[in-house]
Structure formats: C-alpha cells, structure tokens
Amino acid sequence: MSNHSHGFAYAYGPPDICKPGLILPILDERSWNVTFRTIVYTFGLLYFFLGVAILTDIFMASIEAITSKTRKIYVSKTKGKNLNGNYNMVTSVVAGLQEDEPEVIEVRIWNDTVANLTLMALGTSAPEILLSIIETVGHNFQAGPLGPGTIVGSAAFNLLVITSVCMLALSGSDTRRIHRLKVFVVTGLFSFFAYIWLFLILQVISVDVVELWESVVTFLLFPILTIFAYAADKGWCGLGVISKSKNKQQMELGPLRGDETEKELAERNFFKDGKLDKDSLVKFVREVKKYPGLTDEDAAVLAAAKLINSQPHSAMWYRIGAVRTISAGRRIQPILDARLQQVYNVIKTEKKTEVPEIRPTPDMQKNAVIEFHSATIAVKENIGKFAVTIWRHGNTENQVKVRVMTIDGTARKGEDYIAINEIVTFEKNQREQQLIVEIVNDNKWEPNEEFFLRLSLLRDENQNVELGRISIMEVTIIDDENPGIVMFEKRGTVVKESAGKVSVGVTRVKGSDGDISVKWKTIDKSAISGKDFEGGVGELFMKHGETFRSIEIPITNDLNPEKDEHFEIELFDATGGARVGRINRIAVTITNDDDFYNMMDRLMAKTNVNIDAIRVHSETWTQQIREAMLVKGGDIANAACSDYILHFFSFFWKVLFSFIPPPTIFGGWLCFFISLVGIGFMTAIIADLATIFGCLVGLEDTMTALTFVALGTSLPDTLGARTVTRMERYADGALIHITGSTAVNVLMGVGLPWFVAALYHHIKGTSFIVPSTGLGFSVLLYSICAIIATILLLARRNLAVFGKAEIGGPPAGKYITVAILLVLWVLYLVFSYFQIHGIINVNF
C-alpha cells in the first residue's frame with residue numbers, strides 16, 4: 001500500500017514502483033506500461049516547462065512595470081565663472097529653456113543594479129527558487145535533493161553552457177567586453193563564495209546538519225551582495241569616479257558606455273530620455289528622408305525601431321522576448337523587412353555617405369507596368385496612318401497583354417478616324433510596341449479636333465500587369481506642318497515641401513511635326529540644389545506629334561516648416577527645327593507646408609502604434625486575452641508556419657494565464673503576486689513530474705535535477721542571453737546576469753528554505769538534516785569549474801588572441817574557449833554521476 005501526500009491511499013494491490021510526490025500521481029498508474037508512462041511524463045515535463053516559462057514571462061512583465069517607474073527631478077541653472085572670472089548663468093541640459101525655467105527630467109526610482117539583483121533576478125530564477133522552497137516545506141521541513149540540485153545544476157549550465165552559446169552568437173571576430181567590470185567582480189565573487197559557503201556548511205562546519213545560524217548567514221548574504229553591488233555601481237569607496245566634465249552631458253543623454261564618444265552618445269539618444277516627442281521625431285525623420293522611396297509609414301516603423309533599440313534593455317527584457325519566440329507570442333522587438341533593415345543599418349552605423357539603393361516595391365518587381373509614352377499627341381489630318389508608342393517597364397520576364405480602345409471626343413469615329421479595339425501583346429523582354437492609328441482626311445476645313453486612346457486590363461487574363469500613370473492619350477487632329485515652339489505652360493508654380501517632387505509641364509505649340517528635343521537646367525536661387533531639391537541639367541524629348549511632356553524635379557523634405565524658397569528652370573537649345581518660346585523660364589517656389597504639423601501628428605500616431613505593438617505588457621484584460629488567442633499576438637503578417645505550430649502547443653497556457661490581471665493594475669504588484677503563486681503551483685507539479693520521471697528512467701533525484709530540470713528551467717535564459725549578446729554593445733547583460741542570478745539562486749533558493757526549515761527544527765528541538773552525499777561533491781565540483789571558467793574569461797579580456805574581450809573574438813580563440821567550457825560541463829555531469837552512484841567515493 002502506498003500513501004499519497006494528498007490523502008489518497010491504494011486500497012489494494014502492490015505499491016507503486018515510484019514514490020508519490022506532493023500532487024502526482026492523480027490516477028492509479030501502477031498498471032500502466034513503464035515505457036508508455038515514461039513517454040507521458042517526458043512530454044508532461046516538457047509541456048509544464050513551456051507553461052512555467054510563459055507564466056514567468058507574465059511575472060517578469062509585472063517586474064518590468066514595477067521597476068520602470070520614474071520620478072521627476074527639477075534641475076535649476078547654476079552659476080559658473082566665465083573666462084573673465086565673472087559669474088554667468090550656465091544653461092542647463094536642454095537648449096531653449098528660459099532663463100528662470102528649471103528643467104524637468106525623469107529618473108528611475110529603482111537603481112538598475114539593485115533591480116537586477118532583486119526583482120529581476122527573482123523573475124528569471126523564480127522556478128528554481130520556488131522549487132527549492134516548495135520541496136522543503138512540502139516534505140515536512142526536510143531537505144530534498146531536487147531543489148538544491150536544480151540550483152547547482154542551473155549554475156553550472158548558466159556559467160558553462162550559456163556562456164558558450166553567447167560566444168557562438170557573435171559572427172566573425174565581433175567582440176563584447178564587460179563594461180561594469182567591478183559589478184561583475186562583485187557578483188562573481190559572491191556567486192563563488194556562496195557555493196564555497198554551502199560546501200563549508202555541509203562538509204566542514206557541521207557535517208550533514210544545517211544549524212540556524214548557518215542558514216541565517218546564508219540568507220543574509222543576499223542583502224549584503226545587493227549592498228556591495230550597489231556600492232560598486234555608484235563608485236563608492238573609490239570603486240569608480242564619474243568625470244565632472246561629463247556631468248552635464250550625462251544628465252542630458254545618460255551615462256557614457258565604455259569608450260563611447262559624445263557623437264556616438266548623441267546618436268544613441270536620438271529620442272531624448274527614450275521618449276517620443278515631436279521635435280525628436282522631426283530630427284529623426286529628417287535623417288530618414290535622405291533616403292528616397294520611403295513613405296510616412298516606413299518612417300514611422302523606423303522611428304519605432306530606433307526608439308526601442310536605442311534604449312538600454314535588461315537581460316530580463318530579452319528573456320521575455322525569447323519566451324515569446326518559443327511560444328509564438330506577441331513580439332517585443334520591431335520587425336523590419338529587408339528594404340527598411342538596409343536603411344536602418346546605415347542610420348545605426350552612421351555611414352551617411354553610403355546611401356542604400358531603395359529597390360522598387362514588391363508589386364513593381366512582380367508586375368509589368370504598361371502606359372503610353374506621352375499623354376498627348378497632335379497629327380495632321382492628311383497624315384493617314386501613324387504609330388503610337390506603348391511602353392512597358394517593371395517586370396519584363398513574361399508575356400503580357402493589354403487592350404487598346406478609342407473614345408470619341410470632338411472627333412468622331414468613322415468620320416475623322418478609324419476606331420480601334422484590339423489587344424496588344426508584349427513578348428518576353430519586349431519593352432515597346434507600336435500601335436497603328438489611321439486618320440480620315442475628308443478634304444474640308446475643320447477646327448482642331450481630338451479623340452482618345454485608352455489602355456485597359458484584360459479581365460479574364462491571369463497575368464502580372466498593371467497600368468501606369470499615362471493610360472489615356474489625347475490625339476489632336478490639326479493642319480500644321482511646323483515642328484513647333486516649345487515652352488513652359490506658365491511662368492511660375494508652387495509646390496509644398498512635403499510633395500516629394502514637382503512636375504513642370506512643357507508644351508509644344510504651332511506645330512508638332514518630327515522628333516525634337518530641348519535642354520533644360522535648374523538655377524539656384526534661395527533654394528539650393530542638393531539641399532532643397534535635386535537639380536542639374538537634362539534633355540527632354542518629344543516624338544513626332546507629341547505636344548506635351550513634363551520635367552520632374554525631386555524636392556527634399558527637410559521637415560523645416562519655416563522656410564519659403566524658390567529656384568528656376570530654364571529651357572534652351574531646341575533641336576529638330578523647333579525653337580524655344582517666350583516662356584523659357586519658370587520659377588518653382590517651395591512654400592511653407594500647411595500640412596506639416598498634420599503630417600507630424602500622423603507620424604507621431606503611427607509611431608506610437610508601432611511602439612504599442614511591441615510593448616512588454618498589455619494595457620487591458622480584453623487586449624491581453626485577445627493577444628493570447630492569436631498567433632504572435634495578432635501580428636499575422638509576420639507569422640511563419642513554425643509560429644502556428646508553437647502557438648498550437650502553447651495556446652492552452654497563454655489563454656489560461658491571460659486571465660491574470662495585467663501589469664497596468666495597481667502598478668504591477670497584483671500581477672506580481674498572482675503570477676508568483678501560479679509559478680509556485682506549476683513548480684510543485686514540475687517537482688513531482690521530475691521525481692517520477694527520474695524514477696522511471698533510473699536516475700537519482702539529484703542527477704535528474706542537475707540535468708533535465710536544470711536544462712528545462714534554463715532554456716529561456718539561454719535564448720535571452722544569446723539575444724542580449726547580439727543586440728547590446730557590452731557583455732554585461734549576459735555575464736553579469738549569469739553571475740548575479742547564480743548568487744541569488746543560492747542565497748535565496750537555498751538560504752530562504754533552509755532558514756525556514758532550520759527555524760522550524762530549532763523550535764521543535766530537532767536538527768535539520770541535509771545529507772551532503774552528492775550535493776556537497778557537486779558544489780565543490782562546480783566551484784572548481786567556476787574558478788577555471790572565470791580565470792579563462794579574465795585571461796580573454798587581456799590577451800589579443802582572444803580579441804581582448806570576454807565574449808567573441810577571433811574564431812580560433814572563440815572555439816577554444818567554447819571547447820574548454822563544454823568539456824568542463826561534461827566533466828561536471830560525469831563526476832557528479834559517478835559520485836551519486838558510488839562509482840567514485842570522495843570523502844572530506
């Protein structure tokens with residue numbers, strides 16, 4: 001008979017081959033096939049790993065909401081001495097402030113280092129910590145092997161395997177150095193000392209017994225670590241001094257990162273204080289608009305990407321993104337297509353001279369565009385038959401067809417011209433086709449008359465073709481054999497700066513016989529070519545009979561609404577017998593754009609929409625539930641087949657956890673505590689699944705914890721660390737998080753349950769027994785591996801063969817480091833297995 005902790009006892013038959021856990025098994029599984037039962041528990045363990053990762057994502061979103069709170073600080077101007085020794089008012093941080101106007105800046109309430117070591121470390125390590133607490137409390141305050149084993153196994157996996165993954169995440173010889181080295185040293189020393197302290201407790205001071213004072217010291221090391229890390233971050237006790245000459249700039253744009261220059265700092269802070277405002281958006285869009293072919297929607301997407309990526313992000317933020325990747329959840333990073341990514345990369349690297357070629361839109365690449373060569377043509381009544389040019393651009397790889405029909409104007413079909421209704425076929429790679437039009441000469445005087453040629457698509461043809469702008473041509477029948485006079489239609493035109501280009505009409509009057517050309521050039525006035533417009537010299541051609549063509553000049557939109565400037569275009573050197581008319585110059589005025597502010601408001605709105613789409617948490621319950629039910633949170637356009645598969649497996653967990661209050665309620669604290677309770681319940685089930693799974697496959701609990709459980713709980717950290725290494729400029733987000741979470745895992749995940757259990761046994765007058773077999777040896781073995789790995793990382797920082805950086809570097813040095821770290825991890829697992837199963841016996 002086997003008694004279950006939840007009160008159920010088998011009334012008949014033999015006991016189960018595996019001892020029950022806190023909750024599982026719910027059903028009588030004794031008659032199940034062992035292989036089938038193993039498969040069920042394997043998939044159950046994986047499925048609950050996915051569930052606890054998704055729940056931890058929500059938990060960390062609440063932490064993000066809590067730690068992102070800011071408070072306002074009013075900074076007044078200070079008096080400083082000028083070169084003559086007199087006191088002058090020193091302008092504060094922001095240009096444009098009035099003399100007596102203080103500046104208002106916002107600073108985070110939570111210090112980044114304190115937040116990383118407390119709430120953020122708790123968020124990423126919550127499953128391991130709660131697993132240890134639940135196991136100890138659930139077993140009547142007796143020590144269990146699963147919780148501490150998972151913590152030690154996770155530490156080894158994080159330091160050795162995740163560091164290797166970060167090494168391989170960088171391409172080529174790219175490197176990442178630790179910037180806040182003192183914080184890394186503090187967290188690294190504490191993580192190492194924490195495990196040495198565990199070894200001393202279990203093997204030296206009081207063998208196999210944890211006394212109350214030992215558990216108190218273990219738990220108190222956590223706030224001590226926080227204080228030391230905070231001191232290192234603040235530069236107390238000579239640990240670091242901020243240069244006074246940079247104080248003003250740091251207040252304005254934030255702290256410099258390593259060897260970052262002031263120019264790089266300003267570029268990183270395109271949007272001041274990481275916030276979207278109209279002035280910052282104008283500055284950014286002005287930069288973006290240097291690249292032709294970008295729409296307002298493109299500018300809004302790029303602005304959102306720049307705003308998100310320019311902000312420093314914690315390892316927790318990247319871990320949330322990793323979990324949403326494996327669960328097909330709503331993205332938190334902007335997705336740019338190849339065209340926009342090309343522009344963004346140029347902006348990010350400040351290569352202003354390397355303007356990317358903006359390729360045509362996908363439709364232009366796919367479709368053939370067919371149109372007339374000119375919008376108007378004039379012919380003599382006695383011409384008989386003549387050819388009209390139809391041309392194709394865009395995709396020319398396929399055969400395409402288009403219909404051409406005539407439409408009456410003042411000229412009538414049959415009387416003045418022969419009607420046309422035919423299909424014109426363009427063969428592969430054919431760019432022009434000639435359409436034959438016939439004029440009827442009735443030998444009597446008539447005023448000028450006109451009719452029209454119209455292009456239309458074939459309804460039943462499945463072809464990639466579309467009509468261009470000139471899909472209708474006007475044909476004028478005249479009695480004139482003169483090549484004509486070319487001139488502008490008028491002497492001046494006005495264009496808004498936001499129009500993108502100006503189209504200036506050139507007309508041909510008093511004749512249209514023969515092919516002619518005329519040259520044109522732009523003349524700078526208050527508007528300057530290259531700055532306000534793209535001018536130069538060109539030549540305009542008119543075929544026989546054509547009477548109207550346009551000159552298009554690109555207008556540069558520098559988003560400066562105060563100006564009102566102009567330039568001129570001049571016609572000269574007509575050929576083919578034509579001559580230039582009296583209106584040979586036209587003034588083009590670039591006027592103050594009345595729609596400027598409306599345009600910026602639209603861009604602000606579009607940018608905010610893009611930012612809202614990639615925020616960490618949802619604003620309302622309804623929105624949260626809706627996003628949970630849709631693949632990638634509703635971003636169907638960017639969803640791949642793999643996303644639908646991941647969404648299928650994670651659908652239950654996402655919908656279930658979407659009923660947790662969103663982080664916007666009560667400042668995120670309600671979501672924090674409810675998620676924490678949920679993680680506790682999930683880890684209790686994972687503990688049972690792991691224990692029974694290990695029993696079914698013949699593994700000891702400690703070995704199961706060191707391998708499967710540690711790997712399952714650390715997978716989101718692995719993906720997050722890989723992303724933070726690739727996206728951030730320094731290795732702090734990966735390595736400091738590894739050492740910090742390792743220390744917090746031990747001091748919180750072991751110190752808190754041991755303190756509670758030791759206090760319980762102290763009150764009862766009994767001893768809190770913690771068998772050191774396996775665990776003590778694993779702790780010592782990890783400590784040895786940690787020493788070797790840390791020495792290797794510090795050596796990499798100072799050796800050129802490794803690129804003088806902890807992460808990345810030349811391929812040879814990188815692969816050597818990865819090989820050493822992975823060998824250490826394999827040896828750690830092998831020797832732990834040997835010790836647990838008695839193959840080797842190490843006594844201290």
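Every residue, even glycine, has its Cβ placed from backbone N, Cα and C.
Heads up, TrEMBL stuff is auto-annotated, nobody curated it.
Annotated in TrEMBL:
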- 39-63: transmembrane segment (TRANSMEM)
- 146-171: transmembrane segment (TRANSMEM)
- 183-206: transmembrane segment (TRANSMEM)
- 212-232: transmembrane segment (TRANSMEM)
- 357-456: domain 'Calx-beta' (DOMAIN)
- 473-572: domain 'Calx-beta' (DOMAIN)
- 636-660: transmembrane segment (TRANSMEM)
- 666-699: transmembrane segment (TRANSMEM)
- 734-756: transmembrane segment (TRANSMEM)
- 768-794: transmembrane segment (TRANSMEM)
- 815-836: transmembrane segment (TRANSMEM)
Counting only pairs 6 or more apart in sequence, are there at least 3 Cβ pairs under 8 Å between the transmembrane segment (666-699) and the transmembrane segment (815-836)?
no
Taking a Cβ cut-off under 8 Å, which residues six or more beyond the ends of the transmembrane segment (39-63) line up next to it in the same chain?
32, 119-120, 122-124, 126-127, 316, 319-320, 323-324, 326-327, 329, 616-617, 649-650, 653-654, 657, 660, 663, 668-669, 671-672, 675-676, 678-679, 682-683, 685-686, 689-690, 692-693, 696, 708, 712-713, 715-716
I'm a bit unsure how to read this: which one of 183-206, 212-232, 734-756, 768-794, 815-836 has the highest number of Cβ pairs shorter than 8 Å with the transmembrane segment (146-171)?
734-756
Beyond the flanks of the transmembrane segment (768-794) by at least 6 residues, Cβ under 8 Å:
141-143, 145, 148-149, 152-153, 155-156, 159-160, 163, 188, 191-192, 195-196, 198-199, 202-203, 207-211, 215, 700, 702, 706, 735, 754, 757-758, 760-762, 806, 817, 820-821, 824-825, 827-828, 831-832, 835-836, 842, 844
